[in-house]
Amino acid sequence: MSTPLSLFVTGTDTEIGKTFVSAALLHGFARHGLRAAAMKPVAAGAYERDGVWRNEDADQLDAAASVVLPPELRTPFLLKAPAAPHIVAAHEHVTLDIDTIVACHRDALTRADIVVVEGVGGFRVPLNDTQDTADLAVALGLPVVLVVGMRLGCISHALLTADAIAARGLTLAGWVANHVDPAMTYADENVATIRDWLAREHRAPLLGRIAHMAPADPESAAATLDIAALVDTLRAAQR
């Protein structure tokens, strides 16, 4: 039996399509014949339905996953207010504990062939007074997929984030160009610049370009991603 695969999805910023790309990856992995599950370990922003608190990002991941995890595994920390997690957690008297997330991830790996773990915000978002989401990625020990929101300023954000990932000793398995701004000028040139720099400095391939979609359609977006290459990279990282 093959060892389960997993990856950590981060982004250059918040609101750049991490959940959308994570959902596209889930669809792609399912088409590749893998039982794919998703985790959103920390989610800030909840709504109540039928007496149950839910999160829109987590709902989107569940809709795309071929293996739906129990809510307590998928999102061990669901915060009500849509703001910086460590601030909301303090107000809601919640301790965001990395060890708890690692334990949930270990359980999730027993239920699927691949687990997509979506971070919160950018790569370094505080979880408490001493730890951030980069520490979470290190604790999980996962290869990272970087979602770059293609808009003005994205080149610097992409290069800085890639450097931060490498500085933590993590593998940048690849990146996705997500065109969040349909009016962006020189989009092709921006993608080419990021592609060349990340390939040269981090050997990180461009996994795909996703055109601006309104409404977002992760199932269609999955067709633009090089899932086979990503799976090969993830398997190589296990050796």
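Any Cβ shown, glycine's included, is placed from N, Cα and C.
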> If Swiss-Prot says Glu15, Ile16, Gly17, Lys18, Thr19, Phe20, Glu118, Gly119, Val120, Gly121, Asn178, His179 bind ATP, which of Asp50, Asp57, Asp217 does it name for the same site?
Replying inline: Asp57
> If you count the C-beta atoms lying within 10 Å of each candidate's C-beta, which of the binding-site residues Gly17, Gly119, Gly121 ends up with the smallest number?
Replying inline: Gly121
> Out of Gly17, Lys40, His179, which of these recorded positions is nearest Glu118 (Mg(2+) binding site) by C-alpha distance?
Replying inline: Lys40
> Hey, what's the Cβ neighbour count for Lys40 (active site) at 10 Å?
Replying inline: 27
>> Considering Cα atoms only, can you say which of Gly17, Gly121, His179 is the nearest neighbour of Lys40 (active site) among these binding-site residues?
In response: Gly121
> Using a 10 Å radius around each Cβ and counting other Cβ atoms from all shown chains, which of the binding-site residues Glu15, Asp57, Glu118 yields the largest count?
Replying inline: Glu118
